[in-house]
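Taken from TrEMBL as is:
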| type | residues | note |
| --- | --- | --- |
| DOMAIN | 54-126 | domain 'PA' |
| TRANSMEM | 152-170 | transmembrane segment |
| TRANSMEM | 198-222 | transmembrane segment |
| TRANSMEM | 228-250 | transmembrane segment |
| TRANSMEM | 271-288 | transmembrane segment |
| TRANSMEM | 294-311 | transmembrane segment |
| TRANSMEM | 323-343 | transmembrane segment |
| TRANSMEM | 384-404 | transmembrane segment |
| TRANSMEM | 416-439 | transmembrane segment |
| TRANSMEM | 445-462 | transmembrane segment |
Amino acid sequence: VTADEGILHASGSVLRPITKDYCIIYNSNWISLPKSLENATFRTLENLTSTVLCSSSQVPPGLMKDKAVVVMRGNCTFLEKARIAQSLGAQMLLIASKTRLSPLSDNKTDFEDVTLPVALIRYNDVVDMQLMLGNEINVTLYSPPLPEFDCSMVVIFLIAVFTVALGGYWSGVSELENLKAVASPGERETRRKKEENVTFTPVTVILFVVICCVMLVLLYFFYKWLVYVIISVFCLASAMSLYNCLAALIGEIPFGQCRITCCNKNIEVRLIFLAVFCIAAAVVWAVFRNEDRWAWILQDILGVAFCLNFIKTLKMPNFKSCVILLGLLLLYDVFFVFITPFITKNGASIMVEVAAGPFGNSEKLPVVIRVPRLEYSASTLCDMPFSLLGFGDIIVPGLLVAYCRRFDVQTRSSSVYYISCTIAYAIGMVLTFIVLALMKMGQPALLYLVPCTLITSSLVAWRRKEMKKFWKGSSYQVSWRP
């Protein structure tokens, strides 16, 4: 059994000169659809969703003659419906489903005497079609080829590399301030109050990966409840992250520094307005998160801020911890994408199911950067209107890039580790997109990003004869002079 995605192109009457496309599922072993509208034949649509068409007596004689017919799913097989529709003169059969679209599963040999196209369509789309186009509708089916490359991947690439590079650089700036504070006793206490970094040890790395595994499994089984918990956490964390990112920028501006006293503290007025703005941005996204036309822009802005703040705040103490973290998360990614299909009942990977929303859940996890696909295809219309990149594919290698930048600062190595690791990340992203285009299926990006970044960092340290220091990390107890 194979399931192919296609497009139903519907056009209204002269009074409603509107056209709209809808997703369909068909079986290419039974029929072949035109690849473009120019070669497609239009038929008048007859809405018979009041019947399941399991008997020819359910339809008045002559009603289907030379028409496209839509009936409800249920009570009999697709083959039985197709034979009845064909015997009554129909030229196209659409089967409306109120549940998730699934493959058409009758045998090819049974369909040798069926010549009309048969496709599955969502019942909600049939309702929408009549509301938008009226009762006089002409329809046709076609299936444009899937594009080899979508330009939205370029946008994803630029966002990911920019976020990793900027997060690493910001972490290096923070490290430089730390070293200055160590060298200057007067600044040490002030810096300690500002310091909000969290250091990952090997033990906390392992605990973090275990929590990720448990959380993913819980999401798979209890998605419809936990998704709202994740949405709430994302709103809170992204608002705080956006505030931290913008506050760092505003802190460099020498204007508008008027303060007010509140609870025995002096607070800059501009930071109060900034906090209100960041909270408002998160709330607007939460309210309009399913508005595909523009909500993705706000989600990406909040997501980039979240990743930047995470990379800057979470410190890897040495290369050893980086290897453990990236290695374990690589295994985590590969296991939940490639191995779990052999375990789950429906043969789908847990990672893909959770990312898409199990069982057709309309709520999606806000843990991805998403950009609308720029090349139109049936896949764009049916289930993947966006190109996606998970936050983890930015944050996890980004922590290594940040460590490389801090090591550069500690050893005064002219940013060689930072630049090399950032370039390696970009190469890993390109490899991911190449494999994605060749295999035409979702890929665990860490499978390519982790080897590229780890191997490059190791080679640089080995070439500079600093592997021992790079592996163990530099100590703050060294004297440092600006």
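Note that Cβ sites are derived from N, Cα and C of the backbone, with glycine treated the same way.
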Task: Recorded stretch that, among 228-250, 271-288, 384-404, 445-462, has the most CB pairs under 8 Å to the transmembrane segment (152-170) - done: 384-404
Open item on the list: Quick test of the contact rule: Cβ under 8 Å, at least six residues beyond the ends. What residues does that give for the transmembrane segment (271-288)?
Closed with: 231, 235-236, 238-240, 242-243, 246-247, 250, 260, 294-295, 298-299, 301-302, 366
- [ ] Note the mean pLDDT of the domain 'PA' (54-126), expressed as a whole number.
- [x] 83
